Amino acid sequence: MATDNSSSLHDTPTPPTSLWRTLEGRVRTIMPGLLICIIIALATTFIADHYGGPTLLYALLFGMSLHFLSEEGPCKAGIEFASKTVLRLGVALLGVRITLEQVASLGLGPVITVVLGVVATILFGALLARVMGLDRDMGLLTGGSVAICGASAALALSAVMPRNATSERHTIMTVVGVTTLSTVAMITYPLIVRLLGLDDAEAGIFLGGTIHDVAQVVGAGYIISEHTGDVSTFVKLLRVAMLVPAVMVFMLLFRSARQANGDEGGKVPMFPTFLIAFVALVLINSLGWVPSVAVEGFTDLSRWCLVAAIAALGVKTSFQKLAVVGWKPVILMVVETLFLLVLVTLCIKFGLASI
């Protein structure tokens, strides 16, 4: 009997072994779908680097062409993992690009302009969506993405909004629309700068305060001059920093709705982990504890995570379901973009941005 008991004891997995088996099983479950998203990210990044164009838009469209992989089969779990966990990691790592010193160096004027632009555009988006007969959530999502940092903001804000039958379609439509508008803005806004007769500093505030995505802001800014490029990048990163209070407000606004829907397994945390990580990275980077090589590495990792997450969202979306959304959201984003453009221009012309 003693021998039998000893044998039975040895057959029972120890806690580390049990944990390893659980982890191994989880990795095997998500790996096929995650690899699909990584391959899409690699392919679309190669195309964008060698032939030009927005990587996120390529990843989205490429993913949508593989929608059948998300319906059933071994890829489904990994695609879900990429669209949620990898997405949150990518948004959190955006914080390593910002320091408090950069924000302070801008002065009070650009800060007021950015805060006013973000708040007013989000509220305007919600109001305009209601007027157009669209869901308020769509207006808040598009307004936030236009006002803050384009596709990255759309992904971050959608992560704390209630999930329903239309939420993912709204996110996809927002990402497509805001990425396209950002590319158009990168080409046309430098021409508007010339027409308005703005100096290099004002041009930087204008471009950084109005163009949606960071990459397009950098491209448009350095087309004009190095000083304009530097100012526009700092102003844009200040808008990215506004993602923190925006996500917090959205989290509180939709907290009861998410709990009612049972999102994230029941109780919804007051502050999402990715938001805490974002703020922590901003503070750590501000203290100078992150080497420049590490900043570049984390920035690249953030970009890869967001591209893979966009690819996953694309795979989860069918063209047929997306067509149901119609043209109203596109018109909504165009009007929101024009609203932000006019607002920032008025702030510059009336001297508010120069305080």
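Any Cβ shown, glycine's included, is placed from N, Cα and C.
TrEMBL: automatically predicted annotations, no manual curation.
Listed in TrEMBL for this protein:
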- 29-47: transmembrane segment (TRANSMEM)
- 53-69: transmembrane segment (TRANSMEM)
- 106-128: transmembrane segment (TRANSMEM)
- 140-160: transmembrane segment (TRANSMEM)
- 172-192: transmembrane segment (TRANSMEM)
- 204-225: transmembrane segment (TRANSMEM)
- 237-256: transmembrane segment (TRANSMEM)
- 268-289: transmembrane segment (TRANSMEM)
- 301-319: transmembrane segment (TRANSMEM)
- 331-352: transmembrane segment (TRANSMEM)
Contact call for the transmembrane segment (53-69) against the transmembrane segment (106-128), three or more Cβ pairs under 8 Å: no
For the transmembrane segment (172-192): best-contacting stretch of 29-47, 106-128, 204-225, 237-256, 331-352, by Cβ pairs under 8 Å: 204-225
Contacting positions for the transmembrane segment (301-319) when only residues 6+ beyond its ends and CB under 8 Å are counted: 33-34, 36-38, 40-41, 44-45, 55-56, 59-64, 66-67, 69-70, 75, 79-80, 82-83, 86-87, 89-94, 96-97, 151-152, 155, 168-169, 171-172, 175
Leading contact stretch, 29-47, 106-128, 140-160, 204-225, 237-256 vs the transmembrane segment (331-352) - CB distance under 8 Å: 106-128
Leading contact stretch, 29-47, 106-128, 140-160, 237-256 vs the transmembrane segment (204-225) - CB distance under 8 Å: 140-160
Contact set, same chain, for the transmembrane segment (237-256): CB under 8 Å, 6 or more residues outside the stretch: 91, 94, 97-98, 102-103, 106, 110-111, 114-115, 117-118, 122, 140, 144, 147-149, 152-153, 156-157, 160-162, 208-209, 214, 268, 270-272, 275, 278-279, 282
